[in-house]
Ligand SMILES: Nc1ncnc2c1ncn2[C@@H]1O[C@H](COP(=O)(O)OP(=O)(O)OP(=O)(O)O)[C@@H](O)[C@H]1O
Ligand SMILES: Nc1nc2c(ncn2[C@@H]2O[C@H](COP(=O)(O)O)[C@@H](O)[C@H]2O)c(=O)[nH]1
């Protein structure tokens, strides 16, 4: 009989901007605070209410360059004009300690994780429809119209890559999807 790996799972949650990834993860963590989510570094400016070290580590371009040069990022990507990356050490520490890890990252990052950690499970969060995705992204009210356009352009590519993922969850109900994601982890 094949032995099961003792290593806990790394789960990657991806999906187009505005589909509801952060909302689903926040809901899940409210019910299950023990679920550990990696905090990414980004060159994007904070949105109102976002806190450094909680939602992201907000860094400037020079600091991001250093993170790359020092090999401190497990993966990184440029998305809609800003850079985002997963700090390597915190993720590896968690996995080495036997704890599951959740990353909420874009398609480019998910592909990098697939390459470097093939045992990771990749979960795609899909919108109920294109119209609903546009409604959510626009309705969030956090981006200027030209940024929304860039994100929707990226969304077409991301939606076309759904088959690269191990599992698709359709975000119709935040509560249902949060439960499904928890079960997968
Ligand atoms: N199931 C749902 N039904 C209706 N609205 C939803 C649902 N899930 C999320 N939303 C809303 O959609 C908007 C976008 O959600 P959220 O910010 O979580 O998306 P995201 O995928 O994390 O986006 P990004 O990748 O840009 O960070 C928010 O206003 C959120 O309240
Ligand atoms: N490749 C990575 N993508 C990331 C990371 N952290 C977040 N993201 C993704 O970026 C977009 C935009 O996020 P927003 O907060 O500006 O709306 C979204 O798809 C995130 O999932 C990361 O470390 N690496």
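In case you wondered, yes, glycine gets a Cβ from its N, Cα and C as well.
Unlike curated entries, TrEMBL annotations are predicted automatically.
Worth saying up front: this structure is predicted, and the values here are computed from it rather than measured.
Here's what TrEMBL has on this protein:
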type	residues	note
DOMAIN	8-185	domain 'Guanylate kinase-like'
BINDING	15, 16, 17, 18, 19, 20, 21, 22	ATP binding site
Non-site residues, in chain order, whose CB comes within 8 A of the mean position of the CB atoms of 15, 16, 17, 18, 19, 20, 21, 22 at ATP = 125, 127, 133, 136, 137, 171
Query = Which binding-site residues, if any, among 16, 17, 19, 22 have a Cβ under 6 Å from ligand 2, given in order along the chain?
reply = 17
Task = Let me know how many other Cβ atoms fall within 10 Å of the Cβ of residue 18 (ATP binding site).
result = 24
Ask   = Across the domain 'Guanylate kinase-like' (8-185), what is the average pLDDT of the model, as a whole number?
value = 96
Task = Within 10 Å of each Cβ, count the other Cβ atoms, then let me know which of the binding-site residues 17, 22 comes out lowest.
result = 22
Task = Using the structure shown, find which entry in 15, 20 (the binding-site residues) has the sparsest Cβ neighbourhood within 10 Å.
result = 20
